[in-house]
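**Q** One structure coming up, written as structure tokens, with questions to follow.
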Amino acid sequence: MKDLKKIESYLDKLRIKEKDGEERKIYAEVLDGRTLKTLYKLSAKGYITAMGGVISTGKEANVFYADGVFDGKPVAMAVKIYRIETSEFDKMDEYLYGDERFDMRRISPKEKVFIWTEKEFRNLERAKEAGVSVPQPYTYMKNVLLMEFIGEDELPAPTLVELGRELKELDVEGIFNDVVENVKRLYQEAELVHADLSEYNIMYIDKVYFIDMGQAVTLRHPMAESYLERDVRNIIRFFSKYGVKADFEEMLKEVKGE
């Protein structure tokens, strides 16, 4: 009962755009009191001006739309909230423990989630600085990450898999080349490997955007080469369905600049 009262208290403090109570109900169902407190702190700091609807929900994270402010300008935000209570993060250990940027000694499950949130922010920041097409990261706090919303009118841009047959109406070869160029830039300039790249986490709206950057690793990670090969195979496999022909060895060399 006490936790429920806390949730109601923070929901009262947060501005939620929809007036019919449906969004409020969803917030109460998927977010715990600690996370709502973090959202309120980000709101009090001036980052979030109004929370909007649910973009996606999952075992690891929920993503919401929000109106916000960054560098003194109004922006459309995606608010990614990692679940503190989740067993899914055991699967993420290989991406964390091989990353020299983080000290993983004596880490509790909750702290692991916080480190993962920081890791995604830092990966986005590093990729953006290198010219990779990713959402602009704004800030993070505990298990909450604020970044650029990719879409229009509060509707997220589709992923390549969501485009489905519509992809045939577009310049598939051009989109493929855009993906390859961004993988290349991510590797050569940002010195990162996405490590989970597929049609499920590449958005498209006039150009491609790589998302879900939490698992991305540096080139010094012991599995970086293996992850890169998997990413390249995934890209070739998907685009082959639309008539794009690419050689694995040649593409791998192009990405690595060999």
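Residue 1 is the first one shown; counting continues down the chain.
Glycine residues also receive a Cβ, built from the backbone N, Cα and C atoms like all the rest.
As listed in Swiss-Prot for this protein:
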DOMAIN    49-258  domain 'Protein kinase'
BINDING   55-63, Lys80, Glu148, Ile150, 200-201, Asp212  ATP binding site
MOD_RES   Ser108  phosphoserine
ACT_SITE  Asp196  active site, proton acceptor
BINDING   Asn201, Asp212  Mg(2+) binding site
ACT_SITE  Asp212  active site, 4-aspartylphosphate intermediate
**Q** Rounded to the nearest Å, what's the C-alpha distance separating Ala61 (ATP binding site) and the residue listed as 'phosphoserine'? Just drop the number here, would you?
**A** 18
**Q** Which whole-number value in Å describes the distance between the Cα atoms of Ile55 (ATP binding site) and Asn201 (Mg(2+) binding site)?
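**A** Between the alpha carbons of Ile55 (ATP binding site) and Asn201 (Mg(2+) binding site) there are 14 Å.
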**Q** Using Glu148 (ATP binding site) as the reference point, find which of the recorded positions Ser108, Asp196, Asn201 has the shortest Cα-to-Cα distance to it.
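**A** Nearest candidate: Asn201.
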**Q** Mind telling me which of the binding-site residues Ile55, Ala61, Val63 has the densest Cβ neighbourhood, counting other Cβ atoms within 10 Å?
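**A** The largest 10 Å Cβ neighbour count belongs to Ala61.
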**Q** Which one is it: of the recorded positions Ser108, Asp196, Asn201, whose Cα lies the shortest distance from the Cα of Val63 (ATP binding site)?
**A** Asn201
**Q** Work out how many Å separate Asp212 (ATP binding site) and Asp196 (active site, proton acceptor) at their Cα atoms, rounded off.
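**A** With the alpha carbons as reference points, the distance is 8 Å.
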**Q** Cβ-Cβ under 8 Å from Tyr200 (ATP binding site), same chain, 6 or more residues apart: which ones?
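**A** Tyr200 (ATP binding site) has long-range Cβ partners Thr159, Leu160, Val161.
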**Q** Would you mind reading off the Cα separation of Asn201 (Mg(2+) binding site) from Thr57 (ATP binding site), to the nearest angstrom?
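**A** Roughly 14 Å, rounded to the nearest whole number.
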**Q** According to DSSP, does Tyr200 (ATP binding site) fall in a helix, a strand, or coil?
**A** coil
**Q** Per DSSP, to which secondary structure element type does Val63 (ATP binding site) belong, with helix, strand and coil as the options?
**A** strand
**Q** Could you check the recorded positions Thr57, Ser108, Asn201 and say which one's CB has the fewest neighbouring CB atoms inside 10 Å?
**A** Ser108
**Q** Work out how many Å separate Ser108 (phosphoserine) and Lys59 (ATP binding site) at their Cα atoms, rounded off.
**A** 19
**Q** Which residues, sitting 6 or more apart from Asp196 (active site, proton acceptor) on the same chain, put a CB under 8 Å from its CB?
**A** Asp212, Gln215, Tyr227, Asp231
